[in-house]
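A.B. asks: Here you go, one structure.
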């Protein structure tokens, strides 16, 4: 039992979630609420990052489960939180704060794929908009020699204001310079490049050919190094494609195995059957249960080498795992004579010798709402006893 579930609720997972479930939840939420896509959801992005930072660390998670958020804040596991952007970059293959200072931002895109795509391999063309250095001004933003140091921030890109918060007490506030928008330099409007309007970069359409190899997994990243947004003075970042697998109507993937449920009739469970299965590469395989091989409800069997191809070893495959569900016939499907004949064919049932101490009871269909209705009626009855209701009386003349 955990002390509180706030972090689990933020990620939308249960307290017993596995690391894979935590990663999947963080990946989807972080991409959805990233400041680049949702500038107004900064606080939500921060909460998601903090929750994942704690729950993805075994020691911090144990501490949180026992003592809640307060235990984390008190520093029992190296308290305090990292930068949400650092967590995002490390998760998606970028790096920490120091790397972002030397390189442009990584651009992360989610690519929806089917289980068939991951089984057979596929190629997708993805059209993206990215920043590239303006070739008209070669990334200067204007004419040669037109760029000058911003006098307001002295080239730092930051302004420092002193704010008095009490007698003898001042607060130093650092903010982005409004004069140069944090660039540390400015260009006279008449000297600005007409192509980029002094921004040094322009938007350009980029077509990426994404190769999805056989056996790739949900959440796997495909990185295009140096294809991210360009910025003067910085090495271009990467474009990172994150595969997001859609649910399949028949199969569920479990590592290298494929799992499915199969309904069979009672006669098939007792007397054998043949069942066709359409595979993800459009083949049809036939599974056989021979007469005399009894299949019980909930039995799990498998077909070797019919699961998912193994990544980078596509000629090897996992297992196709099948769980069987038995469909029993409806009441009265046999006449009394045929039922008696069937009983003679089946293994003998055990008879119970009744004694005087035994009571005969009747089996009825279970109604899950019966207890709820009885509980509700009981409360209403008690309420009437403690608070008799005065009904509106009819007028008499």
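Heads up, the Cβ atoms here are built off N, Cα and C, so glycines get one too.
This is the feature table in Swiss-Prot:
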BINDING   150, 153, 177, 180  Zn(2+) 2 binding site
DOMAIN    6-68  domain 'J'
LIPID     394  S-farnesyl cysteine
MOD_RES   66  N6-acetyllysine
MOD_RES   83  phosphoserine
MOD_RES   335  phosphoserine
MOD_RES   381  phosphotyrosine
MOD_RES   394  cysteine methyl ester
REGION    352-397  region 'Disordered'
REPEAT    134-141  repeat 'CXXCXGXG motif'
REPEAT    150-157  repeat 'CXXCXGXG motif'
REPEAT    177-184  repeat 'CXXCXGXG motif'
REPEAT    193-200  repeat 'CXXCXGXG motif'
A.B. asks: Indicate the candidate from 150, 153, 180 with the smallest number of other Cβ atoms within 10 Å of its Cβ, considering only these binding-site residues.
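C.D. replies: Minimum Cβ neighbour count within 10 Å, taken over the binding-site residues 150, 153, 180, occurs at 150.
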A.B. asks: In Å, rounded, how far does the Cα of residue 66 (N6-acetyllysine) sit from the Cα of residue 177 (Zn(2+) 2 binding site)?
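C.D. replies: Just about 45 Å between their Cα atoms.
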A.B. asks: Go ahead and report the DSSP secondary structure tallies for the domain 'J' (6-68): helix first, then strand, then coil.
C.D. replies: 46 helix, 0 strand, 17 coil
A.B. asks: Determine which residues of this chain, when 150, 153, 177, 180 are set aside, have a Cβ within 8 Å of the centroid of the Zn(2+) 2 site's Cβ atoms, and list them as they appear in the sequence.
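C.D. replies: Near the Zn(2+) 2 site, beyond 150, 153, 177, 180, sit 151, 152, 154, 155, 156, 157, 158, 159, 178, 179, 181, 182, 183, 184, 185, 186.
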A.B. asks: Using the alpha carbons only, what distance in Å do you get between residue 335 (phosphoserine) and residue 153 (Zn(2+) 2 binding site) once rounded?
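C.D. replies: Residue 153 (Zn(2+) 2 binding site) has its Cα 95 Å from the Cα of residue 335 (phosphoserine).
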A.B. asks: Other than its close neighbours in sequence, what residues sit by the repeat 'CXXCXGXG motif' (193-200), given a CB gap under 8 Å and a spacing of at least six beyond its ends?
C.D. replies: 133-134, 136-137, 139-143, 187, 231-232
A.B. asks: If you count, for each of the recorded positions 66, 177, 335, the other Cβ atoms lying within 10 Å of its Cβ, which residue has the minimum?
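C.D. replies: Checked 66, 177, 335; of these recorded positions, fewest Cβ neighbours within 10 Å: 335.
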A.B. asks: Quick test of the contact rule: Cβ under 8 Å, at least six residues beyond the ends. What residues does that give for the repeat 'CXXCXGXG motif' (177-184)?
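C.D. replies: Cβ under 8 Å, 6 or more out: 149-153, 155-159.
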A.B. asks: Quick check on the repeat 'CXXCXGXG motif' (193-200): DSSP residue counts for helix, strand, coil, in that order please.
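C.D. replies: The repeat 'CXXCXGXG motif' (193-200) comes out at 0 helix, 0 strand, 8 coil.
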A.B. asks: Quick check on the repeat 'CXXCXGXG motif' (150-157): DSSP residue counts for helix, strand, coil, in that order please.
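C.D. replies: For that range the per-state counts are 0 helix, 0 strand, 8 coil.
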A.B. asks: Count the residues of the repeat 'CXXCXGXG motif' (177-184) that DSSP assigns to helix (H, G, I), to strand (E, B) and to coil, and report the three numbers in that order.
C.D. replies: 0 helix, 0 strand, 8 coil
